[in-house]
Amino acid sequence: MALQRRTTLTKYLIEQQRETNNLPADLRLLIEVVARACKAISYHVSKGALGDALGTAGSENVQGEVQKKLDILSNEILLEANEWGGNLAGMASEEMEQFFPIPANYPKGEYLLVFDPLDGSSNIDVNVSIGTIFSVLRCPDGQQPTEQSFLQPGTQQVAAGYAVYGPQTVLVLTTGNGVNCFTLDRELGSWVLTQSDMRIPVETREYAINASNERHWYPPVQQYIGELKDGKEGSRQSDFNMRWIASMVADVHRILNRGGIFMYPADKRTPDKPGKLRLMYEANPMAFIVEQAGGAATNGEKRILDIQPKSLHERVAVFLGSKNEVDRVTRYHLETKK
């Protein structure tokens, strides 16, 4: 019986390093460390109640959100896995108010790691897919970062990815040369390439939005969703299906595989806030991945990757997925603004 040749994450990254000359060794090693941390998080997620990791931790993060035990554990895993490797100048996490400088007793590198350690954590206790989102930037200030060092537009990302902890654990990755998906082989402990050069279909008949907030939406979103709900009898002359998991990684992963549009708009309840999702930890890495897969991502008015962050925890509205639908809802926003 012939041995089946499979491409592991390590092999894929080494081949990219050789073929494109566009993947520095330090960046390759950093991605591998993040992937190992995601394996550890996946293990704790899969233990569920058996690992005493369910439930709340009795604390809030900088966003004012109640932290789950797994939120805190996942954050610690990512920090501890990456602080000593010598590839990073600093890290920033959705769960921490300030950025995390690399301790003085460890070597430092030229990259910055930004992450949401456990996206969709409201779903932990009900066993719905959750995940980790991460982004890598170069540190413009050498090895002594300040908060300003992190405040770079998404176009400056050198890598981004997410892991989904679901029926399978998968890692989706881009280094600016397309999007690939790796599945965790638990028997071997390796990430194995299972989807290459992922592409989002341009046309779609699915959309993801929290429809319970409809009464709070601004007119452009109400107009767009109204057209989708009207189906064949309306101006779009086609039926659309709504899918909403309330876990960004799960919703985006579905869209990456079969098309669709994900929307988390600003609304009238908090008119002083431009949205709910975090630009640095969620919107930028997902926008990078989606664009690399042929999709589009905007805040309703401009490309997400072009937004200049003003703070580590800045929030934005998000519309991403199949290009034609993102372009349409963005056009409605711009027409309303005229």
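Glycine too: its Cβ is placed from the backbone N, Cα and C atoms.
Some features that Swiss-Prot has for this protein:
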- GLU94, ASP116, LEU118: Mg(2+) 1 binding site (BINDING)
- ASP116, ASP119, GLU282: Mg(2+) 2 binding site (BINDING)
- ASP119, GLY120, SER121, SER122, ASN210, LYS276: substrate binding site (BINDING)
Inter-residue C-alpha distance, ASP119 (Mg(2+) 2 binding site) and LYS276 (substrate binding site) (nearest angstrom): 13
Rounded Cα separation (Å) that holds between ASN210 (substrate binding site) and LEU118 (Mg(2+) 1 binding site): 20
Alpha-carbon distance [SER121 (substrate binding site); GLU282 (Mg(2+) 2 binding site)] in Å: 14
Residue pair LYS276 (substrate binding site), LEU118 (Mg(2+) 1 binding site) - Cα distance, angstrom, rounded: 16
Residues ASP119, GLY120, SER121, SER122, ASN210, LYS276 binding substrate per the record - widest CA separation, whole Å: 16
In three-state DSSP terms, the structure that SER121 (substrate binding site) belongs to: helix
ASN210 (substrate binding site), number of other Cβ atoms within 10 Å: 15
Collapsed DSSP category at GLU282 (Mg(2+) 2 binding site): helix
